[in-house]
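Engineer: Here's a structure for you.
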Amino acid sequence: MPRAEAVDSEMPSTSKKGTSPTPPKFVDNERVLCFHGPLIYEGKVLKKEFRDNEKEHAYWVHYAGWSKNWDEWVLERRVLKYSEQNLEKQRELKVAYDESMRAAKAKATGKLPKKKSLGSDTSSVNNMSTTDSRSSTPVMDQKSSKQKSSIKSEPVESDSSRRRRKNDYVEAESHYVSKQEVHIMIPEQLKIFLVDDWDSVTRQKRLVNIPARCTVDQIFDEYLKAKKKSDQNAIDLCEGLEQYFNTMLGPQLLYRFERSQYEQILKEIEGQPEKGKKKLTEYYGASHLMRLFTKLGGCLTYTNLDPEGIDTLKKYVEDFLKFMLKNSEKYLSLEDYGVSCPEYQRKPT
């Protein structure tokens, strides 16, 4: 990306203005989403211009909930339409970013596991230092700190230090923009079950019986028994899927009607002794596991696996889905859905 885009947010545009051969994609006062470092933030277009130097439109953007000191010129390649699909991308990047921060912290304290699971790499910024990430992330001033924001961050470095590091995050940002989504091929019969699952919960107001008749952990165990014991990739896959499932269940895999049930389970887990505390994969089963695969491709897009690693991972994910299809009569049954009581249906969602 051109260095002209990496100027401080407080500085005015210095690029040469010109006449655009194409109309801008965004208009004044439009609600948008913008890449800023490794994450995506909500913003509003205040004004726009065409840059002759970059042959591209640029927008003066104010980030929602942040000080106006963070207003900046943003090239069109960094701006996304405000849509459900892009909001989902924003959430996935935040999950991956948080995972990378936890991994970096664990590594610093010597608690990082020696073996790295094939499917457990949820980091979208492993090629960036934690200092670089923080320095490229907006921070609220005192007046705006009470406002809600979809993404929170740690305190940033000084202005002079931030200027020195601008190029680091711009390079990483272009890495995310250029990523191609990983497509997971879900067998047609499993897609039909997912539609029935949606209908049962959202329209019929039924709930999956929890604990599940066959839990996610049990499904993983049976899959590994069906594979060769020496197949380390299959083991790594199950470990990675387990991490994704436990991380994504609450924020991404539940329908609104299921949230009260989920909160009850969390309370039950909180009341358990620390050593014997159960995981969500010991409560939930195949219905919720299948929902994970509708989200997994977007998450894998932002891992730091090389193309060969991605291909291997896709191969094993699709092999696991074939196993689910082969055993669908055992794992996937609408009889696992119970009618919710009137008291539950009256609970706010």
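Just so it is clear, glycine is given a Cβ too, placed from its N, Cα and C backbone atoms.
Copying in the features that TrEMBL gives for the protein in this structure:
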REGION    1-25  region 'Disordered'
COMPBIAS  11-20  compositional bias 'Polar residues'
DOMAIN    26-94  domain 'MSL3 chromodomain-like'
REGION    106-169  region 'Disordered'
COMPBIAS  119-139  compositional bias 'Polar residues'
DOMAIN    164-337  domain 'MRG'
Engineer: Mind checking how the domain 'MSL3 chromodomain-like' (26-94) divides into helix, strand and coil residues in DSSP?
Structural biologist: 17 helix, 34 strand, 18 coil
Engineer: Tell me, roughly as an integer, the mean pLDDT over the domain 'MSL3 chromodomain-like' (26-94).
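Structural biologist: Value for the domain 'MSL3 chromodomain-like' (26-94), mean pLDDT as a whole number: 89.
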